[in-house]
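Q: Before we start, here is the structure in question, set down as structure tokens.
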Amino acid sequence: MAFLRPARTSTIERRIRLTVLCAILLTFFVTVASVLIANERLEESLLEMDMQTERDFLLDNARPNEILVWDIATLTAYFVPAGMQADDRMPMLFQGLPFPFSGEIEAGNNTYLITSSVVNDGQLYLAKDITLFETREDEFHRFLLLLGIAVIALGIFLARLTGKRLVAPVQQLSRQILDTRPAPHMRRVTEDYQDAELKTIAQSFNRFLNELETYVKREQSLMGLASHELRTPIAVIAGALDVIERRGSLGTADQGVLLRMRRAVDEMAANIDIILRLTRRKAQADRRVSIPLADLVQAIQEDLNRHLPDASQRLQLISVAQPKVQGDPVLVKMLLRNLIQNALQHTGASVEVLLYTHYVDIRDHGQGLPQAYQAYLNDPQADASELLSLSGLGLFIVSLICERLGWTLQALAGDGPGNVLRLTFLPPTTAELST
């Protein structure tokens, strides 16, 4: 659908980098989380053991019916025997706290772990200075942060290194495949890979090239042989038509039949000549010379007068410019002749050939091309072989000649009925800028 965007493409190297980096980061974060949890539980266990030791010591030294106040560097304690009330000697750390209580509080720059609970002989308040623990814990967290940054940097480096090393053989194979150009003898890719998967791909691709070359050679041989074999009966038919015509014994109706037969024979001979040229190698078949298109169209008009007596009256040449093209003169003439003859045969009205600097318009006033033909001609990605199912050999040969010459053929919307075929011998963007 029109609103769907094409999927973004990715590279194997990028995916490997992301996979390696994610694996490293995931391993690091799981390890850090495990270490933090273990460290937290170890700290809690140590503090609990320490608090229990302090609690036992204080209870052993507490006197019955006497409030105990204990205040040293790392521990503050307050014991109230059962049946007595707390006095004004209760340290500020315990004042205002609910009873019982267990937790950490901040007092100035220090952190205390405070517990208050009921013991057998009264109420015991303990405050353990854990500032040193918290400081060490903060230092440990900062160390983990720096370690995390180092691991991320190392992970990025390892991901890039791993991605390049793993993808290098794949990139080498893809470059070799990309550099393979259509030719009679295509270069094979290297099969010397250590990885079995890449070796299998290379072998399969080379096997495909072998089959493709064999198929193309067989098809070219068949086309060439068939074309040569067809030339003999066509020459015999053409000679017989010449003999019949020279006798002069035909009536008016028979002369019309003879003219149609000669037109069909000439068209078949021209198609066979085109097929022979298209099946040859490009380097041998094409010779590029400068061709004035106005002179070429006039020569085509004179040739068509033999089969279409009214061609000179119906065909109008309009030279907006005097273009010259570089190409094989035989192929260019076949291309223009095919298009002009097709336009003359499918309409009884006039046909206009308009010459511009970078393209030629062939305009007729008939019924127009079917929608399927126009859709094909205006689709840059269309396969020329699909045209056989639409129109047979005529437009198919035209498309092959355009492909050989590097030209484009488009069906344009005209002002009225009929067709406007534009034959462009420069890229469309260049042609549009030049007119």
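Glycine too: its Cβ is placed from the backbone N, Cα and C atoms.
Since the structure is predicted, the reported quantities are computational estimates derived from the model, not experimental observations.
Pulled from TrEMBL, these are the listed features:
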TRANSMEM  20-38  transmembrane segment
TRANSMEM  67-84  transmembrane segment
TRANSMEM  143-163  transmembrane segment
DOMAIN    164-217  domain 'HAMP'
DOMAIN    225-429  domain 'Histidine kinase'
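A description of the local structural setting of each listed feature is requested, covering burial, neighbours and distances.
A: For the transmembrane segment (20-38), same-chain residues at least 6 beyond its ends with a Cβ under 8 Å from one of its own Cβ atoms are 144, 147-148, 151-152, 154-156, 158-159, 162-163.
Within its own chain, the transmembrane segment (67-84) is flanked in space by residues 54, 58-59, 61, 90-91, 93-94, 112, 121-129, which lie at least six positions past its ends and keep a Cβ under 8 Å from the stretch.
Under 8 Å from some Cβ of the transmembrane segment (143-163) lie the Cβ atoms of residues 13-14, 16-18, 20-21, 24-25, 28, 32, 35-36, all in the same chain and six or more residues away from its ends.
For the domain 'Histidine kinase' (225-429), the predicted model reports an average pLDDT of 77.
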